[in-house]
Amino acid sequence: MTTQSQGGGLLHRLAQGSLVKQILVGLVLGILLAWLSKPAAIAVGLLGTLFVGALKAVAPVLVLMLVMASIANHKHGQKTNIRPILWLYLLGTFSAALTAVLFSFLFPSTLHLVAGATDITPPTGIVGVLRDLLLSMVANPIDALLKGNYIGILVWAVGLGFALRHGNDTTKNLVNDMSDAVTFMVKLVIRFAPIGIFGLVASTLATTGFDTLWGYAQLLMVLIGCMFLVALVINPLIVFAKIRRNPYPLVFACLRESGVTAFFTRSSAANIPVNMALCEKLNLDRDTYSVSIPLGATINMAGAAITITVLTLAAVHTLGIAVDVPTALLLSVVASLCACGASGVAGGSLLLIPLACNMFGIPNDIAMQVVAVGFIIGVLQDSCETALNSSTDVLFTAAACQAEDARLASHALRN
(Lines of atoms letter the chains of each structure in order from A; the text may use other names.)
(Lines give C-alpha, C1' and ligand atoms only; values in the text may rest on other atoms or scores of the structure.)
Protein backbone atom coordinates (compact mmCIF):
# COMPACT_ATOMS: atom_id res chain seq x y z
CA MET A 1 0.00 0.00 0.00
CA THR A 2 2.85 2.33 0.92
CA THR A 3 4.64 1.51 -2.34
CA GLN A 4 1.48 2.30 -4.33
CA SER A 5 1.02 5.64 -2.56
CA GLN A 6 4.68 6.53 -3.12
CA GLY A 7 4.34 5.63 -6.80
CA GLY A 8 1.17 7.69 -7.05
CA GLY A 9 2.89 10.62 -5.32
CA LEU A 10 5.82 10.44 -7.76
CA LEU A 11 3.50 10.41 -10.79
CA HIS A 12 1.55 13.34 -9.33
CA ARG A 13 4.77 15.35 -8.85
CA LEU A 14 5.87 14.57 -12.40
CA ALA A 15 2.46 15.56 -13.81
CA GLN A 16 2.26 18.80 -11.81
CA GLY A 17 5.97 19.74 -11.83
CA SER A 18 7.67 22.47 -13.85
CA LEU A 19 7.62 21.45 -17.52
CA VAL A 20 10.65 23.64 -18.33
CA LYS A 21 12.77 21.97 -15.62
CA GLN A 22 11.70 18.53 -16.83
CA ILE A 23 12.61 19.49 -20.42
CA LEU A 24 16.08 20.60 -19.25
CA VAL A 25 16.53 17.23 -17.51
CA GLY A 26 15.47 15.45 -20.73
CA LEU A 27 17.94 17.60 -22.70
CA VAL A 28 20.87 16.73 -20.41
CA LEU A 29 19.98 13.02 -20.36
CA GLY A 30 19.72 13.00 -24.17
CA ILE A 31 23.21 14.51 -24.52
CA LEU A 32 24.64 12.01 -22.02
CA LEU A 33 23.06 9.02 -23.78
CA ALA A 34 24.35 10.16 -27.20
CA TRP A 35 27.84 10.46 -25.69
CA LEU A 36 27.74 7.08 -23.91
CA SER A 37 26.00 4.87 -26.49
CA LYS A 38 25.14 5.85 -30.07
CA PRO A 39 23.03 2.72 -30.80
CA ALA A 40 20.90 3.32 -27.69
CA ALA A 41 20.58 7.02 -28.56
CA ILE A 42 19.39 6.18 -32.08
CA ALA A 43 16.91 3.67 -30.65
CA VAL A 44 15.29 6.19 -28.28
CA GLY A 45 14.81 8.50 -31.26
CA LEU A 46 11.45 6.74 -31.60
CA LEU A 47 10.27 8.65 -28.50
CA GLY A 48 11.00 11.95 -30.24
CA THR A 49 9.32 10.82 -33.44
CA LEU A 50 6.21 9.78 -31.50
CA PHE A 51 6.10 13.11 -29.64
CA VAL A 52 6.41 15.23 -32.79
CA GLY A 53 3.88 12.98 -34.54
CA ALA A 54 1.40 13.43 -31.68
CA LEU A 55 1.79 17.22 -31.78
CA LYS A 56 1.37 17.31 -35.56
CA ALA A 57 -1.69 15.05 -35.28
CA VAL A 58 -3.50 17.14 -32.68
CA ALA A 59 -2.55 20.61 -34.00
CA PRO A 60 -4.85 20.74 -37.09
CA VAL A 61 -7.89 19.55 -35.09
CA LEU A 62 -7.05 22.03 -32.31
CA VAL A 63 -6.90 24.96 -34.74
CA LEU A 64 -10.15 23.96 -36.45
CA MET A 65 -12.10 23.55 -33.20
CA LEU A 66 -10.69 26.60 -31.38
CA VAL A 67 -11.22 29.03 -34.26
CA MET A 68 -14.66 27.63 -35.05
CA ALA A 69 -15.75 27.82 -31.37
CA SER A 70 -14.26 31.30 -30.96
CA ILE A 71 -16.10 32.77 -33.95
CA ALA A 72 -19.36 30.87 -33.34
CA ASN A 73 -19.57 32.22 -29.77
CA HIS A 74 -18.28 35.70 -30.59
CA LYS A 75 -20.59 38.36 -29.16
CA HIS A 76 -21.57 41.32 -31.33
CA GLY A 77 -19.40 44.34 -30.49
CA GLN A 78 -16.69 42.23 -28.83
CA LYS A 79 -13.30 43.33 -30.18
CA THR A 80 -10.37 41.09 -31.17
CA ASN A 81 -6.80 42.26 -31.84
CA ILE A 82 -6.02 40.40 -35.05
CA ARG A 83 -5.21 43.49 -37.16
CA PRO A 84 -2.49 44.91 -34.85
CA ILE A 85 -1.01 41.42 -34.47
CA LEU A 86 -0.82 41.08 -38.27
CA TRP A 87 1.05 44.40 -38.46
CA LEU A 88 3.44 43.19 -35.76
CA TYR A 89 4.03 39.95 -37.69
CA LEU A 90 4.84 41.86 -40.90
CA LEU A 91 7.01 44.44 -39.11
CA GLY A 92 8.91 41.70 -37.27
CA THR A 93 9.58 39.72 -40.46
CA PHE A 94 10.77 42.80 -42.41
CA SER A 95 12.95 43.95 -39.47
CA ALA A 96 14.53 40.48 -39.36
CA ALA A 97 15.33 40.64 -43.09
CA LEU A 98 16.91 44.10 -42.68
CA THR A 99 18.96 42.85 -39.73
CA ALA A 100 20.16 39.89 -41.82
CA VAL A 101 21.27 42.25 -44.62
CA LEU A 102 23.22 44.37 -42.11
CA PHE A 103 24.88 41.30 -40.54
CA SER A 104 25.78 39.89 -43.96
CA PHE A 105 27.57 43.12 -44.93
CA LEU A 106 29.33 43.45 -41.55
CA PHE A 107 30.42 39.78 -41.54
CA PRO A 108 30.47 38.61 -45.18
CA SER A 109 30.41 34.82 -45.53
CA THR A 110 31.43 32.62 -48.43
CA LEU A 111 30.31 29.09 -49.26
CA HIS A 112 32.05 25.88 -50.24
CA LEU A 113 29.47 24.99 -52.85
CA VAL A 114 28.54 21.31 -53.09
CA ALA A 115 26.40 19.35 -55.51
CA GLY A 116 22.83 20.53 -55.23
CA ALA A 117 19.89 18.18 -54.88
CA THR A 118 18.19 17.56 -58.20
CA ASP A 119 15.00 15.90 -56.98
CA ILE A 120 13.51 19.04 -55.40
CA THR A 121 11.79 21.79 -57.33
CA PRO A 122 11.77 25.36 -56.03
CA PRO A 123 8.96 27.79 -56.86
CA THR A 124 9.37 29.71 -60.12
CA GLY A 125 8.71 33.18 -58.67
CA ILE A 126 6.93 35.21 -56.02
CA VAL A 127 3.77 34.99 -58.13
CA GLY A 128 4.05 31.21 -57.89
CA VAL A 129 4.36 31.37 -54.11
CA LEU A 130 1.31 33.63 -53.82
CA ARG A 131 -0.60 31.39 -56.24
CA ASP A 132 0.14 28.34 -54.06
CA LEU A 133 -1.08 30.24 -50.99
CA LEU A 134 -4.33 31.16 -52.73
CA LEU A 135 -4.86 27.56 -53.86
CA SER A 136 -4.27 26.33 -50.31
CA MET A 137 -7.17 28.55 -49.17
CA VAL A 138 -9.67 26.56 -51.25
CA ALA A 139 -8.35 23.11 -50.34
CA ASN A 140 -10.69 20.29 -49.38
CA PRO A 141 -11.18 20.55 -45.58
CA ILE A 142 -10.41 16.86 -44.96
CA ASP A 143 -7.30 17.12 -47.13
CA ALA A 144 -6.27 20.30 -45.29
CA LEU A 145 -6.57 18.51 -41.93
CA LEU A 146 -4.63 15.47 -43.17
CA LYS A 147 -1.80 17.51 -44.71
CA GLY A 148 -1.64 20.21 -42.03
CA ASN A 149 -2.57 22.99 -44.48
CA TYR A 150 -3.24 25.71 -41.90
CA ILE A 151 -4.35 28.35 -44.40
CA GLY A 152 -7.06 25.97 -45.64
CA ILE A 153 -7.97 24.98 -42.06
CA LEU A 154 -8.30 28.64 -41.04
CA VAL A 155 -10.52 29.45 -44.02
CA TRP A 156 -12.87 26.54 -43.25
CA ALA A 157 -12.85 27.23 -39.51
CA VAL A 158 -13.72 30.91 -40.06
CA GLY A 159 -16.45 30.01 -42.56
CA LEU A 160 -18.01 27.36 -40.32
CA GLY A 161 -17.69 29.66 -37.30
CA PHE A 162 -19.65 32.43 -39.01
CA ALA A 163 -22.26 29.92 -40.19
CA LEU A 164 -22.65 28.53 -36.64
CA ARG A 165 -23.31 32.01 -35.26
CA HIS A 166 -26.84 31.52 -36.55
CA GLY A 167 -27.13 28.10 -34.88
CA ASN A 168 -28.94 27.46 -31.61
CA ASP A 169 -27.23 27.55 -28.21
CA THR A 170 -27.10 23.75 -27.96
CA THR A 171 -24.99 23.56 -31.13
CA LYS A 172 -22.68 26.33 -29.91
CA ASN A 173 -22.25 24.56 -26.56
CA LEU A 174 -21.38 21.34 -28.38
CA VAL A 175 -18.68 23.15 -30.40
CA ASN A 176 -17.33 24.67 -27.16
CA ASP A 177 -17.27 21.26 -25.47
CA MET A 178 -15.44 19.75 -28.45
CA SER A 179 -12.93 22.60 -28.28
CA ASP A 180 -12.36 21.96 -24.56
CA ALA A 181 -11.94 18.22 -25.20
CA VAL A 182 -9.28 18.81 -27.87
CA THR A 183 -7.53 21.31 -25.55
CA PHE A 184 -7.42 18.61 -22.85
CA MET A 185 -5.79 16.20 -25.33
CA VAL A 186 -3.22 18.87 -26.20
CA LYS A 187 -2.29 19.40 -22.54
CA LEU A 188 -1.86 15.64 -22.20
CA VAL A 189 0.49 15.49 -25.19
CA ILE A 190 2.53 18.48 -23.97
CA ARG A 191 3.20 16.74 -20.63
CA PHE A 192 5.25 14.21 -22.61
CA ALA A 193 7.56 16.95 -23.97
CA PRO A 194 10.52 16.02 -21.69
CA ILE A 195 10.46 12.41 -22.95
CA GLY A 196 10.06 13.53 -26.56
CA ILE A 197 12.92 16.03 -26.34
CA PHE A 198 15.12 13.41 -24.66
CA GLY A 199 14.59 11.17 -27.71
CA LEU A 200 15.05 13.98 -30.25
CA VAL A 201 18.30 15.27 -28.72
CA ALA A 202 19.81 11.80 -28.27
CA SER A 203 19.04 10.62 -31.82
CA THR A 204 20.05 13.91 -33.49
CA LEU A 205 23.45 13.99 -31.78
CA ALA A 206 24.01 10.28 -32.42
CA THR A 207 23.13 10.34 -36.13
CA THR A 208 24.52 13.69 -37.29
CA GLY A 209 26.93 14.95 -34.65
CA PHE A 210 28.40 18.38 -35.26
CA ASP A 211 31.56 17.53 -37.20
CA THR A 212 30.09 18.53 -40.57
CA LEU A 213 29.00 21.88 -39.17
CA TRP A 214 32.53 23.12 -38.39
CA GLY A 215 33.20 23.78 -42.09
CA TYR A 216 30.38 26.31 -42.05
CA ALA A 217 31.19 27.84 -38.65
CA GLN A 218 31.23 31.49 -39.81
CA LEU A 219 28.01 31.13 -41.81
CA LEU A 220 26.31 29.52 -38.81
CA MET A 221 27.61 32.26 -36.50
CA VAL A 222 26.14 34.94 -38.79
CA LEU A 223 22.81 33.10 -39.07
CA ILE A 224 22.44 32.27 -35.38
CA GLY A 225 23.90 35.60 -34.23
CA CYS A 226 21.35 37.42 -36.37
CA MET A 227 18.51 35.33 -34.93
CA PHE A 228 19.70 36.02 -31.38
CA LEU A 229 19.86 39.76 -32.13
CA VAL A 230 16.29 39.71 -33.45
CA ALA A 231 15.04 37.65 -30.49
CA LEU A 232 16.81 39.66 -27.77
CA VAL A 233 17.00 43.20 -29.22
CA ILE A 234 14.76 43.85 -32.25
CA ASN A 235 11.64 42.02 -31.02
CA PRO A 236 11.87 43.53 -27.51
CA LEU A 237 12.09 47.01 -29.08
CA ILE A 238 8.95 46.32 -31.14
CA VAL A 239 7.14 44.98 -28.05
CA PHE A 240 8.28 47.96 -25.94
CA ALA A 241 6.86 50.34 -28.56
CA LYS A 242 3.56 48.48 -28.23
CA ILE A 243 3.19 47.96 -24.45
CA ARG A 244 5.36 50.86 -23.14
CA ARG A 245 7.02 48.87 -20.36
CA ASN A 246 9.90 46.44 -19.83
CA PRO A 247 9.38 43.74 -22.51
CA TYR A 248 12.01 41.27 -21.29
CA PRO A 249 9.92 39.30 -18.76
CA LEU A 250 7.49 38.53 -21.59
CA VAL A 251 10.31 37.89 -24.10
CA PHE A 252 12.09 35.41 -21.82
CA ALA A 253 8.82 33.67 -20.91
CA CYS A 254 8.08 33.11 -24.62
CA LEU A 255 11.62 31.93 -25.40
CA ARG A 256 11.67 29.61 -22.38
CA GLU A 257 8.26 27.98 -22.82
CA SER A 258 7.75 28.17 -26.59
CA GLY A 259 11.22 28.60 -28.09
CA VAL A 260 12.83 25.65 -26.28
CA THR A 261 10.18 23.18 -27.45
CA ALA A 262 10.19 24.59 -30.99
CA PHE A 263 13.99 24.30 -31.13
CA PHE A 264 13.81 20.53 -30.69
CA THR A 265 10.62 19.74 -32.63
CA ARG A 266 11.76 21.95 -35.56
CA SER A 267 8.14 22.46 -36.57
CA SER A 268 6.01 25.58 -36.15
CA ALA A 269 2.90 23.48 -36.78
CA ALA A 270 3.84 20.98 -34.07
CA ASN A 271 4.45 23.88 -31.67
CA ILE A 272 0.96 25.39 -32.12
CA PRO A 273 -0.47 23.42 -29.15
CA VAL A 274 2.46 24.55 -26.96
CA ASN A 275 1.84 28.18 -27.95
CA MET A 276 -1.90 27.86 -27.29
CA ALA A 277 -1.18 26.50 -23.80
CA LEU A 278 1.25 29.38 -23.12
CA CYS A 279 -1.34 31.95 -24.25
CA GLU A 280 -3.84 30.42 -21.84
CA LYS A 281 -1.22 30.54 -19.07
CA LEU A 282 -0.61 34.25 -19.84
CA ASN A 283 -4.38 34.79 -19.57
CA LEU A 284 -4.70 36.23 -23.09
CA ASP A 285 -7.97 36.65 -24.96
CA ARG A 286 -8.94 33.23 -26.35
CA ASP A 287 -10.84 34.72 -29.29
CA THR A 288 -7.63 36.46 -30.33
CA TYR A 289 -4.95 33.82 -29.82
CA SER A 290 -7.04 30.98 -31.27
CA VAL A 291 -6.72 32.78 -34.63
CA SER A 292 -3.39 34.61 -34.31
CA ILE A 293 -1.28 31.59 -33.26
CA PRO A 294 -2.11 29.30 -36.24
CA LEU A 295 -1.96 32.36 -38.51
CA GLY A 296 1.47 33.21 -37.09
CA ALA A 297 2.67 29.65 -37.72
CA THR A 298 1.82 30.30 -41.37
CA ILE A 299 2.97 33.88 -42.08
CA ASN A 300 5.15 35.08 -39.16
CA MET A 301 8.54 33.94 -40.43
CA ALA A 302 11.32 36.18 -39.10
CA GLY A 303 13.70 33.21 -38.94
CA ALA A 304 12.91 32.23 -42.53
CA ALA A 305 13.56 35.81 -43.70
CA ILE A 306 16.98 35.69 -42.01
CA THR A 307 17.85 32.32 -43.57
CA ILE A 308 16.85 33.41 -47.08
CA THR A 309 18.73 36.73 -46.82
CA VAL A 310 21.96 35.43 -45.24
CA LEU A 311 22.35 32.42 -47.56
CA THR A 312 21.52 34.50 -50.65
CA LEU A 313 24.09 37.18 -49.74
CA ALA A 314 26.63 34.44 -48.91
CA ALA A 315 26.19 33.17 -52.48
CA VAL A 316 26.51 36.74 -53.77
CA HIS A 317 29.77 37.25 -51.84
CA THR A 318 31.09 33.87 -53.01
CA LEU A 319 30.52 34.83 -56.66
CA GLY A 320 31.93 38.36 -56.17
CA ILE A 321 28.72 40.15 -57.19
CA ALA A 322 28.55 43.81 -56.10
CA VAL A 323 25.43 44.82 -54.17
CA ASP A 324 24.33 48.43 -53.62
CA VAL A 325 22.05 49.73 -50.86
CA PRO A 326 18.80 49.91 -52.93
CA THR A 327 19.30 46.31 -54.08
CA ALA A 328 19.91 45.21 -50.49
CA LEU A 329 16.68 46.92 -49.40
CA LEU A 330 14.81 45.24 -52.26
CA LEU A 331 16.24 41.90 -51.12
CA SER A 332 14.79 42.57 -47.64
CA VAL A 333 11.33 43.06 -49.17
CA VAL A 334 11.65 39.97 -51.39
CA ALA A 335 12.94 37.86 -48.47
CA SER A 336 10.02 39.04 -46.30
CA LEU A 337 7.47 38.11 -48.99
CA CYS A 338 9.17 34.76 -49.57
CA ALA A 339 9.27 34.07 -45.83
CA CYS A 340 5.53 34.73 -45.48
CA GLY A 341 4.95 32.04 -48.10
CA ALA A 342 7.49 29.58 -46.68
CA SER A 343 4.87 27.43 -44.96
CA GLY A 344 3.21 26.71 -48.31
CA VAL A 345 6.42 25.37 -49.86
CA ALA A 346 7.77 21.86 -49.34
CA GLY A 347 11.23 22.36 -47.81
CA GLY A 348 10.28 25.72 -46.30
CA SER A 349 12.66 28.65 -46.35
CA LEU A 350 15.56 26.82 -48.02
CA LEU A 351 13.68 26.18 -51.27
CA LEU A 352 12.80 29.87 -51.51
CA ILE A 353 16.49 30.82 -51.70
CA PRO A 354 16.58 30.39 -55.53
CA LEU A 355 13.86 33.07 -55.75
CA ALA A 356 16.08 35.57 -53.95
CA CYS A 357 19.18 34.42 -55.87
CA ASN A 358 17.33 35.13 -59.10
CA MET A 359 17.43 38.86 -58.23
CA PHE A 360 21.21 38.80 -58.70
CA GLY A 361 21.21 36.69 -61.86
CA ILE A 362 22.59 33.63 -60.06
CA PRO A 363 21.91 30.50 -62.17
CA ASN A 364 19.50 27.94 -60.76
CA ASP A 365 22.10 25.16 -60.55
CA ILE A 366 24.30 27.32 -58.28
CA ALA A 367 21.24 28.43 -56.27
CA MET A 368 20.38 24.78 -55.67
CA GLN A 369 23.93 24.20 -54.40
CA VAL A 370 23.26 26.97 -51.86
CA VAL A 371 20.09 25.08 -50.88
CA ALA A 372 22.22 21.95 -50.38
CA VAL A 373 24.49 23.91 -48.00
CA GLY A 374 21.33 24.91 -46.14
CA PHE A 375 20.40 21.25 -45.69
CA ILE A 376 23.88 20.47 -44.33
CA ILE A 377 23.65 23.15 -41.61
CA GLY A 378 19.93 22.49 -41.09
CA VAL A 379 20.46 20.72 -37.75
CA LEU A 380 21.16 24.09 -36.12
CA GLN A 381 19.76 26.54 -38.66
CA ASP A 382 16.29 25.00 -38.81
CA SER A 383 16.11 24.56 -35.03
CA CYS A 384 17.01 28.20 -34.32
CA GLU A 385 14.75 29.43 -37.13
CA THR A 386 11.74 27.53 -35.78
CA ALA A 387 12.43 28.66 -32.21
CA LEU A 388 12.48 32.31 -33.32
CA ASN A 389 9.41 31.97 -35.55
CA SER A 390 7.25 30.15 -33.02
CA SER A 391 8.19 32.11 -29.89
CA THR A 392 7.53 35.36 -31.78
CA ASP A 393 3.96 34.22 -32.51
CA VAL A 394 3.19 34.21 -28.77
CA LEU A 395 5.27 37.32 -28.08
CA PHE A 396 3.43 39.55 -30.56
CA THR A 397 0.03 38.09 -29.65
CA ALA A 398 0.70 38.81 -25.97
CA ALA A 399 1.98 42.32 -26.75
CA ALA A 400 -1.15 43.23 -28.74
CA CYS A 401 -3.49 41.78 -26.08
CA GLN A 402 -1.68 43.51 -23.21
CA ALA A 403 -1.61 46.83 -25.08
CA GLU A 404 -5.36 46.57 -25.65
CA ASP A 405 -5.97 45.69 -21.98
CA ALA A 406 -3.91 48.71 -20.89
CA ARG A 407 -5.83 50.96 -23.29
CA LEU A 408 -9.19 49.76 -21.96
CA ALA A 409 -8.04 50.18 -18.34
CA SER A 410 -6.83 53.72 -19.05
CA HIS A 411 -10.11 54.56 -20.79
CA ALA A 412 -12.09 53.21 -17.81
CA LEU A 413 -10.06 55.35 -15.37
CA ARG A 414 -10.67 58.51 -17.41
CA ASN A 415 -14.40 57.85 -17.35
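Every residue gets a Cβ built from N, Cα and C, even glycine.
Feature annotation from Swiss-Prot assigns transmembrane segment to 23-43 (among others); the stated evidence is sequence analysis. Within the chain, the transmembrane segment (23-43) has long-range Cβ neighbours (under 8 A, six or more residues past its boundaries) at 193-207, 260-261, 264.
According to Swiss-Prot, the transmembrane segment annotation covers 47-67 (among others).
Annotation comment: Swiss-Prot describes 85-105 (among others) as transmembrane segment, evidence class sequence analysis.
Marked as transmembrane segment by Swiss-Prot: 144-164 (among others).
For the transmembrane segment (181-201), same-chain residues at least 6 beyond its ends with a Cβ under 8 Å from one of its own Cβ atoms are 15, 19, 22-23, 25-27, 29-31, 33-34, 44-52, 54-55, 58, 61-62, 65-66, 261, 264-265, 273-274, 276-277. What Swiss-Prot records for 181-201 (among others) is transmembrane segment.
According to Swiss-Prot, the transmembrane segment annotation covers 220-240 (among others).
What Swiss-Prot records for 303-323 (among others) is transmembrane segment.
Residues or ranges marked as transmembrane segment in Swiss-Prot (evidence: sequence analysis): 333-353 (among others).
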* To do: Determine whether the transmembrane segment (47-67) and the transmembrane segment (144-164) share at least three Cβ pairs under 8 Å, counting only pairs 6 or more apart in sequence.
  => yes
* **Cβ-Cβ under 8 Å with the transmembrane segment (303-323): same-chain residues at least 6 beyond its ends** => 93-94, 96-97, 99-101, 103-105, 108-111, 113, 219, 222-223, 226-227, 230, 331-332, 335-336, 338-339, 342, 348-350, 352-353, 355-357, 359-362, 366-367, 370, 373-374, 381, 384-389
* Same-chain Cβ contacts of the transmembrane segment (144-164) under 8 Å, 6 or more residues past its ends? -> 56, 59-61, 63-72, 74, 133, 136-138, 171-172, 175, 269, 291, 294-295, 297-298, 343-344
